[in-house]
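J.: Below is the structure I would like to discuss, written out as structure tokens.
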Amino acid sequence: MSAIYNFCAGPAMLPTAVMKKAQQELLDWNGQGVSVMEISHRSKEFIALTKQAEADLRELMHIPANYHVLFMHGGGRGQFSAVVNNFLGNDGRALYLVSGQWSSSALAEAQKLAGDAQIDSLNIVEKHNGLNAVVLPDLHKIDADYRYVHYCPNETVDGIEIFDELDSPWPIVADLSSTIMSREIDVSRYGLIYAGAQKNIGPSGLSIVIVRDDMLKLPSLVQSSIMDYRLAVEHDSMFNTPPTFAWYLAAEVFAWLKSIGGIASIAKINQQKAQMLYQCIDSNTFYRNGVVASNRSQMNVTFQLADETLDGEFLKQAQVAGLVALKGHRIVGGMRASLYNAMPLEGVIALVKFMNEFAAKYR
């Protein structure tokens, strides 16, 4: 069977080595005679898995000791709610920086749940010569007392990524669902990091939360026990039955990433993949991208065909060539190639070859 390269934005492809290992031990995990999906989450064997998973993630991301690592239910949207409920209390105030679809959704959820708390927002995307560009505000010039400032460094729908570190006098809460472990960051700059697993960590249904200890002292109005960070810390992410298979696969992804040299190593590969694809897009007028070079996403490359009537044919022929899930988000249309950690360089080479041949045929 010919190779299939899955460019889906999420759930995304997983490393082949991880999938093969899961396949091999699906019916007999760790010599237990049963699947990891069937074993008790409170068994010593599974608890050992969770401890190793946390240790590996801490090592990969250089997470300081004063941060808790939580493995929680749900995805990013669940964390939109959890952040508000855990940190704002009755009279808190928060600032949301809006750079695209997902930060806008986080803002909408915060406004819905805030009650008497105050939610402020700033749009940080401007048009520069017709292209989307991020302009980070000087937060030190804002006269306010915020519990936190929320932002999303990578917008999967819009193909926008913020590479500059945010400088804030208030705790930073960041949605890293699509960039976690794709490049190195300084975790100590953040009050809380959350990430849905289904892009760079594992299958959907699991979220990773990395929270600084002092954040847990903020006033809380959280009503849902499974979204209570304090309860999750107290019970080692096992207040109730966790998504065990997703946790197992996340552990295997962490181990795989360590085996290939860690985040520093994969970051170089990710940069190479993105540069190769953007070079193809920029090399002729057949394709176009609507983001300034400094804010082009490395994880989610969005592009349009100059002749949109060819979109259907492009997707049809790409599918035949083994290049799947390239259709852009319904909000923006066009195409989108998601280049998460598990996407091999060979997949991008195959996509570029196809795009060049398609352009030559229909130009």
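Note that Cβ sites are derived from N, Cα and C of the backbone, with glycine treated the same way.
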J.: In Swiss-Prot, the pyridoxal 5'-phosphate site includes G76, R77, W102, T156, Q198, N240, T241. Which of D56, D120, D175 does it also list there?
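T.: So the pyridoxal 5'-phosphate site in Swiss-Prot includes G76, R77, W102, T156, Q198, N240, T241 plus, from the candidates D56, D120, D175, D175.
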J.: Using the alpha carbons only, what distance in Å do you get between R42 (L-glutamate binding site) and T241 (pyridoxal 5'-phosphate binding site) once rounded?
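T.: Distance between the two Cα atoms comes out at 9 Å.
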J.: Count the Cβ atoms, other than its own, that fall within 10 Å of the Cβ of T156 (pyridoxal 5'-phosphate binding site), considering every protein chain shown.
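T.: Result for T156 (pyridoxal 5'-phosphate binding site): 26 neighbouring Cβ atoms inside 10 Å.
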J.: Please give me the CB contact count at 10 A for R77 (pyridoxal 5'-phosphate binding site), counting all chains in the structure.
T.: 15
J.: How far apart, in Å, are the two Cα atoms that lie farthest from each other among G76, R77, W102, T156, D175, Q198, N240, T241, the residues recorded as binding pyridoxal 5'-phosphate?
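T.: About 31 Å separates the two most distant Cα atoms.
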J.: To see if you understand the setup: which same-chain residues, six or more apart in sequence, place their Cβ under 8 Å from that of G76 (pyridoxal 5'-phosphate binding site)?
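T.: Counting only residues 6 or more apart in sequence, the Cβ neighbours of G76 (pyridoxal 5'-phosphate binding site) under 8 Å are W102, D175, S177, Y194, A195, G196, S207.
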